[in-house]
Amino acid sequence: MSGPRPVRAPRGTELSALGWQQEAALRMLQNNLDPEVAEHPDKLVVYGGTGKAARDWRSFDAMVRTLRTLKQDETMLVQSGRPVGVMQTHEWAPRVLIANSNLVGDWANWEEFRRLEALGLTMYGQMTAGSWIYIGTQGILQGTYETFAAVAAKKFNGTLAGTITLTAGLGGMGGAQPLAVTMNDGVAICIDVDPRAIERRIEHRYLDVKADSLEHALQLAVEARDARRPLSIGLLGNAAELLPRMLAEGAPVDIVTDQTSAHDPLAYLPVGVDFDDMAAYAAKDPAGFTTRARESMARHVEAMVGFMDAGAEVFDYGNSIRGEAQLAGYERAFAFPGFVPAYIRPLFCEGKGPFRWAALSGEASDIAKTDKALLELFPENESLHRWIKMAGERVHFQGLPARICWLGYGERDKAGERFNDMVASGELQAPLAIGRDHLDCGSVASPYRETEAMLDGSDAIADWPLLNAMVNVASGASWVSIHHGGGVGMGRSIHAGQVSVADGTELAGEKIRRVLTNDPGMGVIRHVDAGYDIAESVADERGVRVPMREGDDA
């Protein structure tokens with residue numbers, strides 16, 4: 001009988017499918033549900049509150065069975081975590097096409113989604129949960145690290161040493177925050193309502209210590225700050241209660257952000273509700289729970305604004321908490337900016353974003369070899385060298401060994417081709433799955449996050465992620481996905497992802513060159529179209545064709 005059981009991706013070179021493209025999809029699906037990787041694997045939940053890899057266990061079993069028999073000229077179709085068909089295509093076509101959580105506009109809200117989910121008709125795919133390229137907390141770590149580095153450069157003379165950051169949320173995404181802060185030499189107080197989340201981050205070496213109380217957390221933080229010693233501190237509690245208290249007591253906080261699961265009100269614990277009662281209350285009275293959660297978020301955001309008024313650097317880290325607080329009636333919810341317009345958009349203009357790869361061999365040595373190859377490929381890229389060195393020393397692998405680093409247009413293709421050559425030569429023990437987060441330069445429409453405050457006002461234009469997905473299908477990606485609602489919740493985002501398998505063949509090399517050129521190229525084009533000078537310069541320098549800038553009237 002199909003049901004919950006431990007899942008772990010196979011390692012080594014023995015195939016259980018008919019080719020490495022299919023084998024890679026199979027292993028990455030299984031890896032998403034590895035207990036080392038997934039937050040709640042028995043429920044098929046990978047990260048992000050309720051982000052799932054498969055709709056139900058019967059669907060999971062059907063996908064595994066189908067991938068093992070899928071031919072080199074066939075494509076499996078996945079509709080919100082359930083395999084619904086196999087079509088004959090061709091060897092350049094993706095082996096899997098995925099559409100998760102997509103709803104027509106007027107129906108794109110949590111209430112309707114949950115009604116359909118209860119009927120067994122859909123699932124929430126988040127971003128990399130339902131697209132089978134989640135690699136654990138490392139997947140967001142460099143982006144979080146770069147964000148805090150940008151904060152340091154903007155306000156603290158290039159370092160967070162001697163500063164205290166206050167944040168909440170230590171789940172699969174938020175769990176990157178403590179290590180990202182300490183990598184920038186700062187001190188972090190990280191609040192979470194779930195004791196298991198705190199222990200998991202300590203176990204995975206993302207979080208240093210757990211405080212016994214708020215007073216203990218502040219004592220540890222001030223001592224470390226005064227010594228200019230990096231330290232991350234986990235604190236059990238509800239941010240909607242603790243932040244207002246800390247503000248009222250004048251806590252010495254320099255930076256404030258948040259990564260609770262505010263994108264889904266049923267995943268945010270209301271003030272006055274015990275954590276152990278949360279799931280039952282949310283299931284019994286979702287409307288009442290949502291109202292109370294939003295009221296609590298309003299208190300949380302009001303305190304964040306209070307810290308900003310007191311001089312702290314405050315930003316939204318893309319979980320929709322400002323929008324939820326506004327729905328609860330808090331008028332100053334958008335007084336502080338999102339992290340993309342504040343710090344990250346110049347990188348997007350260059351086609352930069354979270355490039356990642358996983359070693360299907362299961363051998364950490366394969367990642368070490370790819371790290372070395374990257375440093376040789378890009379000897380002038382100081383930030384890349386700094387990141388790879390720190391990641392090699394401090395990042396704990398979850399599931400299949402993997403690495404993430406931010407690379408731009410003209411870099412990702414070089415890295416992918418080099419990796420494919422390493423597989424072909426036998427330098428690597430098995431192929432690599434090369435993908436990215438959906439949070440990328442040209443693959444998202446999300447007015448509360450990636451496309452907030454676009455120069456031309458095109459925040460909500462959703463053509464771009466659809467074009468991105470189609471370009472990746474046309475370019476030869478191994479699997480391609482289009483999702484709705486990731487990161488910020490239902491009705492607030494459309495986004496696309498791709499994974500390409502470096503199996504050492506000449507065909508894989510051709511596909512990789514096209515995909516890893518065109519995928520980040522969409523980011524350059526999207527930002528040229530929005531009027532960003534940096535993107536125009538990148539397009540001119542690197543030969544990205546933009547028809548509206550060609551011809552006599554360009």
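Each residue, glycine too, has its Cβ placed from N, Cα and C.
Bear in mind that the values here come from a model prediction, so they are computed numbers and not experimental data.
Annotated active site per Swiss-Prot: Cys405, in sequence order, evidence recorded as sequence analysis. Annotation note: Cys405 (active site) sits in a strand segment as assigned by DSSP. Within 10 Å of the C-beta of Cys405 (active site) we count 22 further C-beta atoms, all protein chains included.
Residues or ranges marked as NAD(+) binding site by Swiss-Prot: 48-49, Gln126, 172-174, Asp192, 238-239, 259-263, 268-269, Tyr317, Gly487. Packing around Gly172 (NAD(+) binding site) is summarised by its Cβ count: 29 other Cβ atoms lie within 10 angstroms of its Cβ, all protein chains included.
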Inset, instruction - Tally every other Cβ atom lying within 10 Å of the Cβ atom of Ala262 (NAD(+) binding site). - result: 31
Inset, instruction - Would you mind listing, in sequence order, the residues at least six apart from Gly48 (NAD(+) binding site) in the same chain with a Cβ closer than 8 Å to its Cβ? - result: Gln126, Met127, Ala129, Gly171, Gly172, Met173, Ser261, His263, Gly486, Gly487
Inset, instruction - Please report the number of other Cβ atoms within 10 Å of the Cβ of Gln259 (NAD(+) binding site). - result: 25
Inset, instruction - Tally every other Cβ atom lying within 10 Å of the Cβ atom of Asp192 (NAD(+) binding site). - result: 28
Inset, instruction - Report, as a single number, how many Cβ atoms besides its own are within 10 Å of the Cβ of Leu269 (NAD(+) binding site). - result: 25
Inset, instruction - Taking Cα atoms as reference points, rank the binding-site residues Asp192, Gln259, Ala262, Leu269 by distance from Cys405 (active site) and give the first. - result: Gln259
